[in-house]
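Trainee: One structure coming up, written as structure tokens, with questions to follow.
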Amino acid sequence: MTNKKIKLTQTVKAAGUAAKLGPEGLADALAGLNRPADPRLIVGPETSDDGGVYCLTPEIALIESCDVITPPADAPRAFGRIAAANALSDIYAMGGRPLTAMNLAFFPACSLQPEVLGEVLAGGQDALNEAGCCLVGGHTVEDDELKYGLSVTGTVHPEQVLRNSTARPGDCLLLTKPLGSGILSTAVKGEMATVEQEAEAVAWMSLLNRAAAELMLRYTPSACTDITGFGLIGHSCEMALGSGVTIRLYLDAVPLMQGVTDQVADGMVPAGCYRNRSYYLSRIDAGDCDPERLLPLFDPQTSGGLLIALQPGAAALFQAEAAENSIFCVLIGDVLPRAELPVIVV
């Protein structure tokens, strides 16, 4: 395959975080594992948080995370940047600063030229440079499909770790990127997306969550997570269950990327979206909401935005300052005392 003809999304079965194992399969796989017994482990796997946090000293803790994805975009350099932005996001979501990273590349050497991998790695380096994160090495595996990601280590003060399990009743919920990257990536793969839709999806997926995270830290958030493979509904369920609360989402307020509604109507919905819906639908109260309108809320996001829980006064100030600094931010819900189900959509 020559480099000029490459459309990376067509070389893989599923694009971006839509290729992740579904929540039901993952839950089954993890069911027999025990929590690591180490008093210095601040955050482990039990709350499905964005990363693990390990205390080194009274003032320094490490945030550890790893993300690997298939291409959600056709251009190799764009794919590399998106994959790195996706991996860095977990550190930002937990209130940390990315420190070091290692490349993880799975490459079909029989079907793609080495220059393609070079472009992918260059795109990843672009994002790391912007984040001020030092690349220290990596690992490659020859594989049937192209996959790329990074393991990232960040630092945070042990008493300032942000979790997905500490939302409080009365909090407002803010989202810092629109939804739809999984749907639009599927449309790109199926050659159904317009040039404008593809460009918008790539731009949002390429955007680091750094600016939103740095602003967030000024307003003492109750909780935070990033929206990735399990969609807005899935990650809201994780936050609600971990926090012992119910999250209410305002369907009309949830922002979507350009063309998402049309692509859903045309059937450009990734299998991962349906897996998420199958697993989480019984865990939410969606009332009489139109099922088709709900689909983007289950859409697996690649390098999605932050879901931030802030007290109302802080949320208003955050929104105002975000607008002044051209940081995307939309109020999409609030946090209620625990009801029968973890998530309500109205």
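Cβ coordinates are placed from backbone N, Cα and C, and glycine is handled just like the others.
Pulled from Swiss-Prot, these are the listed features:
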ACT_SITE  Unk17  active site
SITE      Lys20  site 'Important for catalytic activity'
BINDING   Lys20, Thr47, Ser48, Asp49, Asp67, Asp90, Gly138, His139, Thr140  ATP binding site
BINDING   Asp50, Asp90, Asp226  Mg(2+) binding site
Trainee: Can you give me the Cα-Cα distance between Ser48 (ATP binding site) and Asp226 (Mg(2+) binding site) in Å, rounded to a whole number?
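Mentor: So the Cα of Asp226 (Mg(2+) binding site) lies 12 Å away from that of Ser48 (ATP binding site).
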Trainee: If you compare CA-to-CA distances from Asp50 (Mg(2+) binding site) to each of the recorded positions Lys20, Asp67, Gly138, Thr140, which comes out shortest?
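Mentor: Closest candidate to Asp50 (Mg(2+) binding site), judged by Cα separation, is Asp67.
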Trainee: Have a look at the binding-site residues (Ser48, Thr140) and report the one with the fewest Cβ neighbours inside 10 Å.
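Mentor: Checked Ser48, Thr140; of these binding-site residues, fewest Cβ neighbours within 10 Å: Thr140.
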Trainee: Just the number: how many Å between the Cα atoms of Thr140 (ATP binding site) and Lys20 (site 'Important for catalytic activity')?
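Mentor: Lys20 (site 'Important for catalytic activity') has its Cα 19 Å from the Cα of Thr140 (ATP binding site).
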Trainee: Residues near the Mg(2+) site, Asp50, Asp90, Asp226 excluded, by Cβ within 8 Å of the Cβ center?
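Mentor: For the Mg(2+) site, the extra neighbours are Asp49, Gly51, Ser65, Ser89, Ile91, Tyr92, Ala93, Met94, Thr225, Thr228.
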Trainee: Based on DSSP, name the secondary structure state of Asp226 (Mg(2+) binding site): helix, strand or coil.
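Mentor: DSSP call for Asp226 (Mg(2+) binding site): strand.
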Trainee: Rounded to the nearest Å, what's the C-alpha distance separating Asp67 (ATP binding site) and Asp226 (Mg(2+) binding site)? Just drop the number here, would you?
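Mentor: That separation, Cα to Cα, works out to 13 Å.
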Trainee: Nearest by CA distance to Gly138 (ATP binding site): which of the recorded positions is it, out of Lys20, Asp90, Asp226?
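Mentor: So, of the listed recorded positions, the one sitting closest to Gly138 (ATP binding site) is Asp90.
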Trainee: What three-state secondary structure does DSSP assign to Asp67 (ATP binding site)?
Mentor: strand
Trainee: At the level of the C-alpha atoms, what whole-angstrom distance separates Lys20 (site 'Important for catalytic activity') and Asp90 (Mg(2+) binding site)?
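Mentor: Lys20 (site 'Important for catalytic activity') and Asp90 (Mg(2+) binding site) have their Cα atoms 16 Å apart.
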